């Protein structure tokens, strides 16, 4: 079987090509009522809410303990550098986890992996709340990150399962909104929970995980769907050639037209490989992660964003307690409001929805051909906003400006991060949509690896250079490195993909047993 770009149409060349606004739909829909693309808007939104909730916890666990740093230092007898590592260690679990979970989710399905991961995170959070020493606390924090890590790769796979590519900018934007909000809402909530005790930061987190687990069990169906197989058995329309999804009547079908167990008809807790597709080996996620270095658009874009831009988020978050040491933990938590408002404003007006609109307009001008590079236009103003925010905040701390100046800086910085993260995540998936699980695994590993590394060098840097120069340099790197580097990817992206060739694997839903 040919596992290159045309694999999604393998064996389906005699079926209609389903179009929307003159642009070929991806994925191609079937007439199957059990096809996740055909589920009701209410069902899809419910699934998206569960995915976003777990992805919110993805970063919430790392930062909700920040306001209780002084109590944690006192409890375990550690210094500022060691307490910063308590933010880094769950990020390490978040980085390692996707390499373990991704292939399993392509074998046994998304639902089972979400449930198992949430159980691990729930148990580890209880362990963190009851830890008697620093070593035990750090071990529990690692497994918190490891357990919640499916929210990244498996979560995006679920979004790809239930939405078309032309809807992906908005949905990925909401998905990114969840991780960014978790990062900055965590300290806000943690500041007030700290009034009870530092342990209650983790007890409340365990309650959140228990609630998400209940929602997964009750409302999250399996979304891994044997699309290639079902396209042959239950095509969208009876006609051949081209079918307009807005004008062509869908072929009438019922679920029992095909006996293959799938999505909602699988076992309630399915422990067998999802039938109707060729599955990867459990270790394939690690192998494919290594092979993804070859695909230059993905490798370069992810590294530019993670190590030139994103990791400065941890610089701000971990230093808010010492930058505003004159305020109580509760007031320090409220100082995250600028970051929250910037993130929300960006998503409402300038991220996912705008990305979808812009991409559609540019595709129509390009004879209906959608190019992944169309997603990158929003990254340039985003980098500028983040750079300005970093510089202003560093100066405001050293010059002891009014706190509102820091809030404006936070707003600008967070708006830029949200726009940039949405643009990058959408772009790399659009580059290789048939390999989206491997691509987002690569992205997630390095996104969280950058968050793991940052706390190890930011404290000595601020101590040596002060806030102004530390954050000014970060702002300079964000704009003067990221913008030219992303512009090169933008211009040379099609040639880079041509040089790299196509991956020799696909997501299992686009592969069938020979």
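For all residues, glycine too, the Cβ spot is worked out from N, Cα and C.
The feature transmembrane segment, as given by TrEMBL for the ranges 18-39, 172-193, sits at 172-193. TrEMBL assigns the feature transmembrane segment to residues 83-100, out of the candidate ranges 83-100, 227-244. By the Cβ criterion (under 8 Å, sequence separation of 6 or more), the transmembrane segment (376-395) is not in contact with the transmembrane segment (141-160), since fewer than 3 such pairs are found. When each of the listed stretches 112-129, 286-311, 440-459, 471-492 is scored by C-beta pairs under 8 angstroms to the transmembrane segment (401-428), 286-311 comes out highest.
Nonlocal intrachain contacts for the transmembrane segment (141-160), taken as residues 6+ away from its ends with a CB within less than 8 angstroms of a stretch CB, comprise 27, 47-48, 51, 54-55, 57-58, 61-62, 86, 89-98, 100-102, 105-106, 110, 113-114, 117-125, 127-128, 168, 171-172, 175, 179, 205, 209, 223-224, 425, 429, 433, 436-437, 440-441, 443-444, 447-448, 507. Averaged over the domain 'Major facilitator superfamily (MFS) profile' (47-497), the predicted model has a pLDDT of 91.
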